[in-house]
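A.B. asks: Quick one: the structure is below, questions incoming.
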Amino acid sequence: MSGQTTAREQLAKEYDAIHNRLFVLQMVLVALLLALYQFTGASATLANSLAARFGDGLWWAANASYTVISVFGFSACMFPLSYYSGHVIEHHYELSNETFGEWLADFVKSLLIDLVLATILFSVIYALLRWMPNFWWLFATVFYILFGVVLSTLMPVVIMPLFHKFEPLEEGDLTQAVREMMEEAGIKVVGVFKWGLQDKTNTANAAFAGFGRTKRIILGDTLLSGYTQEEILAILAHEVGHYKNRDTLRLMVTSSALALAGFYISDLCLNGLSGWLGFESIANIGAAPLFIFSLFVFSLVSMPFANLHSRQREFAADAYAVEKLGSHDALVSAFEKLADQNLSNKEPAAWVEFMLHSHPSISRRIERARSQ
């Protein structure tokens, strides 16, 4: 058994290392594509040609068309990397059950969703840039927050069902225990749902999904089939810990502050460099690659600090779960199983965890839980 465990842990390290390298490659490619799009003049040419075609009265249609064309082109350029990381690697490590056709169908659906969301975001942001160039970043932050709330509300009822099947979890001891846990915690949910994962993946997952009247508990069938009731309740107790610790509110405050800072820095970049790039106004969507690049760099710089805060909240939720359950056994057992099933690296390099991980390493979480 120890030899098998060691072999599995070695696979997890390899899998993690590959994804870390792919992440770096993706970041380099994103920066390169944005630079090429901006400095070759391709972005300005597209924006100007669309503006000429639609006229000043339909500037919003020109901006929307620019967004659709740009997102589609960007996705096409990134497709080989998406295919390799999302399909080839997942099959190599026996984590995916999807055929290429099924993966491609999901990729296309994701692309269409991205097109819709990006068009809404950029249409509103560039309308704000046009109407209130001095304070657009402030109102953009407000819109970003509201947009996130709406998206969270719609996620389990509109978006997630496009990729997975959901059905109410059949009545039984687990369903009753989950309801009692939620009632005791004062959490209102519309129900407990079985999340159809096994047709596409061998990994296990569970989560709270939705916001307000759409809030629900979703339990992956891969979790239900391989975990004890105590382990599943331990995982949910962790999620309840986030609720009791008001982590959703903390996340909204943190995200709002980061969004405000990011948009303000973008405003400085647009005002400082748009003229140098040949644009008469910061509201010209031809400078969108500059706008995105400034947000991209800011997100990379702020990511380690946002992740640090996130890891602290994860530890706090773990602590709540252990205290609530009266023992760390079920939570530790669930962590061990999840790490093995999902091929998670239990002990990533310290710098990798600091820079990239929003959750503490499994080994640290287990050690912390056992110390309580």
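Heads up, the Cβ atoms here are built off N, Cα and C, so glycines get one too.
For 12-165, the entry in TrEMBL reads domain 'CAAX prenyl protease 1 N-terminal'. The transmembrane segment annotation in TrEMBL covers 21-39, 59-81, 111-129, 135-159, 248-265, 285-306. Per TrEMBL, the feature domain 'Peptidase M48' maps to 168-371. TrEMBL lists HIS238, HIS242, GLU314 with the feature Zn(2+) binding site.
Describe each of these features in terms of where it is and what it packs against.
C.D. replies: Packing against the transmembrane segment (21-39) from elsewhere in the chain are residues 70, 74, 77-78, 81, 84-85, 89, 277, 287, 289-290, 292-293, 296, 300, 356: each is 6 or more residues past its ends and has a CB under 8 Å from a CB in it.
Non-local neighbours of the transmembrane segment (59-81) in the same chain are 22, 25-26, 29-30, 33, 37, 43, 46-47, 50-51, 53, 107, 111, 114-115, 118-119, 122-123, 126-127, 130, 285-286, 288; each lies 6+ residues outside the stretch with a CB under 8 Å from one of its CB atoms.
With a 10 A radius on its CB, GLU314 (Zn(2+) binding site) counts 21 other CB atoms from all the protein chains.
Sequence-distant contacts of the transmembrane segment (248-265) (same chain, at least 6 residues past either end, Cβ-Cβ under 8 Å): 136-138, 140-141, 144-145, 148, 242, 294-295, 298-299, 302, 306, 309, 313.
Beyond its flanks by at least six residues, the transmembrane segment (285-306) meets 27, 30-31, 34-35, 37-38, 43-48, 62-63, 66-67, 70, 122, 126, 254, 258, 261-263, 265-266, 269-270, 273-274, 277, 279, 354-356, 358 of its own chain at Cβ-Cβ distances under 8 Å.
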A.B. asks: Measure the Cβ-based neighbour count of HIS238 (Zn(2+) binding site), defined as the other Cβ atoms within 10 Å of its Cβ.
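C.D. replies: A count of 25.
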